[in-house]
Amino acid sequence: MLVLSLSVEQSEVVTSAPGLSDDDMSLNLKEITNLPLCFGRFRWLLSTCKDGWRAYYRQDVFLAGMGLAFLYTTVLGFDCITTGYAYTQGISGSLLSLLMGVSAITGLMGTVMFTKLRKAYGLVNTGIISSCLHLCCLLLCVCSVFAPGSPMDLRLLMPFLDANANSTLAEAGGMVEGQRQKHTYPMRGGINQPLLPDRSSIHWTNNTVLFENMPSGMEPDSYISIILLFLGVITARIGLWSFDLTVTQLLQENICESERGVVNGVQSSMNYLMDLLHFIMVISAPQPQHFGILVIISVLFITTGHTMYFLYARKAKRKPAGRLDT
C-alpha cells in the first residue's frame with residue numbers, strides 16, 4: 001500500500017508541476033543524488049567549526065577563555081581520580097566525604113570573595129588576584145609530591161625492569177603483606193598491573209560495583225604528603241571559583257549578542273576537550289606511584305592557563321576605558 005500511494009502521489013506532483021519532468025531537471029537531480037551525503041555533511045561540519053573558531057579567536061577575551069579551558073586539565077579536584085588515589089593512601093570514605101564538604105564551603109567562599117574583590121578592584125584585577133591565590137595554594141600540592149609518605153616512584157615509568165627491580169617493587173608496593181591485600185602492584189614485563197582486585201571478588205549491580213574483602217588502602221609511613229595534597233586542593237578552590245566567575249563574566253560582558261552563542265559553544269567545547277585530556281593522562285600513568293607526576297603536569301597546565309589570563313589582563317589595561325571593567 002505504501003508503494004502504491006507513493007507512486008500515485010509522485011504522478012500527481014509531476015502532473016501539477018510539468019517542469020519536474022524536464023530532462024534538465026532530472027539531470028540536476030541525478031547529479032545531486034550522486035554526491036556522497038556524508039561528504040556534504042563533513043564539509044558543512046568543518047565549515048561550521050572554522051567559522052566558530054574565527055569568531056572565538058577575534059574576541060578580545062580570547063586569551064582569558066583559553067586560560068579557563070587549560071584549568072580543566074587537572075587531577076587536582078574531587079573527582080573519581082583523586083578520590084581513588086586517596087583510598088590507596090589509607091583515607092577512609094567518611095573522612096573523604098568530610099573533605100568534600102569542606103571543599104564545597106571553600107568554593108562558596110570563592111564566590112563571596114569574587115563579589116567583594118570586583119567592587120573593590122574591578123573585574124580584570126579580580127581575575128589577577130584569583131589567579132595568584134590559586135597558584136599559591138597549588139604549591140602545597142607540588143610539595144606533597146616530594147613530602148614524606150608520597151608513593152611516587154619514577155622507576156615505574158621504565159618500560160622494562162630486571163628481576164631484582166621487580167622483586168624490590170613487589171616488596172615495596174607489593175601484593176600481599178600478611179593477610180592484607182594492597183592496592184599497589186608492580187610492573188611485570190613493562191605492563192601496568194590493575195589496581196582493582198580479582199574479578200571473582202567483584203559484584204556488579206545496577207549502579208554500584210561492590211568488592212568483597214576490599215581493604216580501605218595501604219597506610220603510608222607518613223600522612224604529610226596526603227595532608228598537603230588535600231590542603232592545597234581545598235584551599236585552591238577559593239581562587240579557582242573566583243577566577244571561573246571572573247572569566248565567565250568577561251565573556252558575557254565583552255561579546256556581542258549576535259556572536260555570544262557561537263563563542264560560548266566553542267568555549268564549552270574547549271573546556272570538554274581539555275577535561276578529556278586529563279583522563280588520557282591518567283590512562284597513560286594509571287598507578288598510584290604515577291600520581292605525583294600527574295600533579296606536576298596539572299600544575300603546569302594551570303600555570304599556563306593563568307599566564308594566558310595575565311597576558312589578556314596586560315593587553316586590557318593598555319586599552320582606554322571602554323567596555324572592560326578594569
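Every residue, even glycine, has its Cβ placed from backbone N, Cα and C.
Straight from TrEMBL, the features:
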TRANSMEM  61-87  transmembrane segment
TRANSMEM  93-115  transmembrane segment
TRANSMEM  127-147  transmembrane segment
TRANSMEM  222-240  transmembrane segment
TRANSMEM  291-313  transmembrane segment
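Two recorded stretches are said to be in contact when at least 3 C-beta pairs lie under 8 angstroms, sequence spacing 6 or more; the transmembrane segment (291-313) and the transmembrane segment (93-115) fall short of this definition. For the transmembrane segment (61-87), same-chain residues at least 6 beyond its ends with a Cβ under 8 Å from one of its own Cβ atoms are 93, 96, 99-100, 103, 127, 138, 141, 183, 195, 216-217, 226, 230, 232-233, 236, 240, 243-244, 247-248, 250-251, 254-255, 263, 267, 270-275, 277-278, 281-282, 288, 291, 294-295, 297-299, 301-302, 304-309, 311-312, 315.
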